[in-house]
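A.B. asks: Can you read through this structure? Questions will come right after.
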Amino acid sequence: MNADDADETLYPIAVLIDELKHEDASLRVNAVRRLATIALALGPERTRDELIPFLEDSIDDEDEVLLVLAEELGSFVDYVGGAQYGHLLLPTLETLAAVEETVVRDKAVDSISKIGVLLGQQQIEEHYIPMIRRLSIGDWFTSRTSACGLYAPAYSLSTPSTQEELRRLYAQLCNDDTPMVRRAAGTHLAKLTKKVSKEHVLSEIIPLFRHLAVDEQDSVRLLTVESLVAIAEILSPEEVKSQILESLRSMCADKSWRVRYMIADKFVQLAKAVGADIVREELITAFVALLKDNEAEVRTAAAGQVPGFSTLIDQEFVLREILPCVKELVLDTSQHVRAALATQISGLAPFLGKEHTTDHLLPLFLQLLKDETPEVRLNIISKLDRVNEVIGIEVLSQSLLPAIIELQEDKQWRVRLAIIENIPLLASQLGVAFFDEKLADLCMNWLGDSVFSIREAATINLRKLTEVFGVEWAKQAIIPKILAMSTHENYLYRMTTVFALTAIASAVNGDALRDNILPTVITLAADPIPNIRFNVAKCFEQIIPLAKKANLGSTVIAEQIKPALAKLAEDSDNDVRYYAQRAAATA
């Protein structure tokens, strides 16, 4: 190798060294993000021999640099020569897994786990397991915390004797003096449970779970809920009763609301795991207690589980036990509880059937539609289609339509938007006569709304309605009203006319395009407001392909659109000229 070649191969790592020593942290972050490129330039052998050792010596840096380094190394296996050399990345990540900053440690654990599943059994035994041992008995709680996340990926790849050692070390972490370590052990116990044989779950994992489930720190107890679900999924219903039912009862009634919140949040998962008998004998009562909990956060989480849990029990229990609680929650003092319920309550309709939905749920829908909190109203409107599938549009329109019409002028624009998005569904079910009588004016009023998103949604709504009811209906019912807005003194109405005609153009036939839409668009091309003129040019860009498709090319495009675009192409406004030239290119 001559001197020039040597300089060239050393250049990438020299640049990296300079940038990693730069006083500007953002430059050091960017340098670490380019590690893959540098590794490619060096090749696998030099990456192993030079780059990795250099990185090991560069770990004394700011957290933002270390975070990126921990992330990059997780996908570095290919750059060191494949899985057979993957273990060479572990020492650097082991150091990162013991630093003080939590996000860096978590990212290092993620990267070690990604590499761990690629390693062979010999590498696991010689490199990965010793690393777990060192981290598990480290002096600082940071290393012991990180160690908890590394057991599950390695467990099934280890020999039986090593597995035994791993279970023993994990038991030590579950009994650690530091709450942060016990928290991490509680968090990762569920993952380890899924890897361990049922025999060892019964003999070793369940005692660890019980120990953590009665920890003096509620921050530890709440993290055992996932483990409870994982253990229940492995055990038979009889084993659940004998092994973990007592813990389940205690957790449902825990003195800390945060533990009860976690139970409420995972309730459906838990109910599916424990089996129908325990659900019927124990969990219905527990769920009712959570729905009536003193803490709003717990009631919010429980409200989100109502439909899912109801499908697991008989309808008579839902009507007798769950529905009375739901009726109370509709009037709950916390808006978050009512909002969560509004999102979920329609999920009960398919399960209860038409009669019970009409008798029990419709009055609650009405109550929620009139709620003082916009989010509650929005959530109930957004899920109306589920109710419609069960009770039919006739009952829905009679009972809920007056409330929906009332909400068309809601102060919160998102509520108005949700109603607009549901209009095509209502229209297709109600039929044209009912729509024209009750909702047609409503749809036109939205075109004049003060919020742009509403006006935009209203134009899309008109296109969808045209698709539902047909072109002839549009020519009689809505196009004349849109055209009338084209002469309004307020330019926003004229602008909305352009948007509405552009939206409808794709849903009408050639005749309607030629006779109803184009004349008004061409007139608006001479509007004094530049914004309207460049939107007309954008409209032409949409209309020209439609006109060609409808075989209007020779007459309409040549005699009407092209002269209008030629005039716009000489406009005094730059944007108008730009869009006119772009539209002319399609003609």
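Heads up, the Cβ atoms here are built off N, Cα and C, so glycines get one too.
Under the heading repeat 'HEAT', TrEMBL lists 12-50, 89-127, 166-204, 205-243, 244-282, 283-321, 322-360, 361-399, 400-438, 478-516, 517-555, 561-587.
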A.B. asks: Do any residues, 6 or more residues outside the repeat 'HEAT' (244-282), come within under 8 Å Cβ-to-Cβ of it, and if so which ones?
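C.D. replies: For the repeat 'HEAT' (244-282), the sequence-distant neighbours (Cβ-Cβ under 8 Å, at least 6 residues beyond its ends) are 206, 209-210, 213-214, 218-219, 221-226, 228-229, 231-233, 235-237, 289-290, 293-295, 297-298, 301-302, 304-305, 308-309, 312-313, 317.
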A.B. asks: Reported in the order helix, strand, coil, what are the DSSP residue counts of the repeat 'HEAT' (561-587)?
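C.D. replies: Secondary-structure composition of the repeat 'HEAT' (561-587): 21 helix, 0 strand, 6 coil.
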A.B. asks: Could you tell me the mean pLDDT over the repeat 'HEAT' (89-127), as a whole number?
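C.D. replies: Over the repeat 'HEAT' (89-127), the predicted model scores a mean pLDDT of 84.
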A.B. asks: Using DSSP, how many residues in the repeat 'HEAT' (244-282) fall into helix, strand and coil?
C.D. replies: 32 helix, 0 strand, 7 coil
